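Participant: From Swiss-Prot, for reference:
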- Cys247-Cys249: disulfide bond (DISULFID)
- Cys280-Cys283: disulfide bond (DISULFID)
Amino acid sequence: MTDSLVRATAAKGGIRLVAVSTTESTKEAKERHSLSYLTSAIVGRAMSASLLLASSMKVNHGRVTLRISSNGPLKGLTIDAGRDGSVRGYVGDPSLELDLIKNKSNHYTFDFKKATGIGYLHVIRDDGKGEPHNSTVELINGGIGEDIASYLLHSEQTPSAVFVGEKINQDGIVCSGGLLAQILPKAERDYSLIDLLEDRCKEINSFSELLNKKGNNLISLIEEIFPDLDQSPSDIISTSQEVHFKCRCSRERSLSALKILGKDELQKMIKEDGKAELTCQFCKNVYLVKEDELISLID
C-alpha cells in the first residue's frame with residue numbers, strides 16, 4: 001500500500017491538521033540501510049516529521065532537511081523531505097540497538113534519549129529562493145515529536161502539537177506515521193483555540209497505538225482527535241498526495257562531484273585504481289565510474 005499525506009482544518013480554519021503515513025518509506029529505508037529496530041523507528045519518525053513540515057512549503061519544489069548532531073551512539077541523523085512527497089535519509093550507526101525502557105504508561109519502548117544523547121536538532125527550509133532558512137533547537141528527548149514541537153514554538157512561534165510513532169514487531173515494520181496540529185497565524189491570539197488544541201491532544205495516550213489501530217486511514221486518525229473537521233472526507237481525499245522514498249542522486253551528480261575534486265586527485269585515482277566508486281549516503285546506490293570517464297573529466 002502506498003504512503004500518503006492528507007491536509008485538513010478544524011475550528012473554522014483556525015487549526016491546521018496534517019497526517020502522514022510513512023510505513024512503506026520506512027520499510028525501504030530499513031532495507032537500503034540495513035536498519036535495526038531502533039534506528040528504523042528513529043528514521044521513520046524523522047521522515048514523518050520532515051514531511052509534515054514540508055507540507056506547508058509554498059512551492060512544490062520546497063524542501064525541509066532535519067539533522068541531529070549530538071553525542072549519542074546514533075552518531076547523527078539526516079532526513080531530506082520535499083513538498084512533493086519525496087523523502088530520504090540516513091543515520092550514523094544504522095545497526096545501533098539498545099535495551100527497551102518502560103515509559104510512563106509502564107509499556108516498553110525504544111530508548112530514543114539514550115540513542116541521540118545531548119545535542120541539537122537543525123531544521124533547514126529551502127524554497128529555492130536565496131539562502132535556505134536554518135534553525136537550531138536543543139533536543140528534548142530524541143523521540144522527534146517533542147523536538148519538532150519545540151522547534152515550531154521557539155523558531156516559528158507557532159503553538160503546535162506533533163505526534164510521530166510506529167508499530168514494529170518481530171516480523172518488521174507494521175506502521176509508521178505522524179500528525180501535526182497547529183494554530184494558524186490568523187487565530188494565534190485566540191486562546192480558546194489553544195486550550196482546545198491542548199485538550200484534544202491530551203486525549204492521546206499513545207499515538208503509536210492509535211496509529212496501529214487506524215492503519216493507513218489517515219482521515220479516521222485525524223477525526224479521532226478532531227471529529228468536527230471543516231471539510232468532508234471526500235474533499236480531504238481529493239487533495240491528498242502520495243509519499244514515497246525517493247533519492248535525488250544520479251550518475252550525472254556523481255560525475256559532477258568527482259569533477260570538483262580537481263585534476264590532481266582525479267589523476268591519482270586513475271593511476272592507483274583505474275576507476276572510482278561512489279556510494280550515495282541517502283540511498284546506498286553505488287555509481288561505478290570507469291577510467292575513460294575519469295579521463296574525460298580532466299579534459
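Each residue, glycine too, has its Cβ placed from N, Cα and C.
Map these features onto the structure and tell me what's around them.
Facilitator: In the three-state DSSP scheme, Cys247 (disulfide bond) is classed as coil. Residues near Cys247 (disulfide bond) in space but far in sequence (CB under 8 A, at least 6 apart, same chain), listed by position: Arg88, Cys280, Phe282, Cys283, Asn285.
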Participant: Once near-sequence residues are set aside, which residues in the chain of Cys249 (disulfide bond), 6 or more away, have Cβ atoms under 8 Å from its Cβ?
Facilitator: Cys280, Phe282, Cys283, Asn285, Tyr287
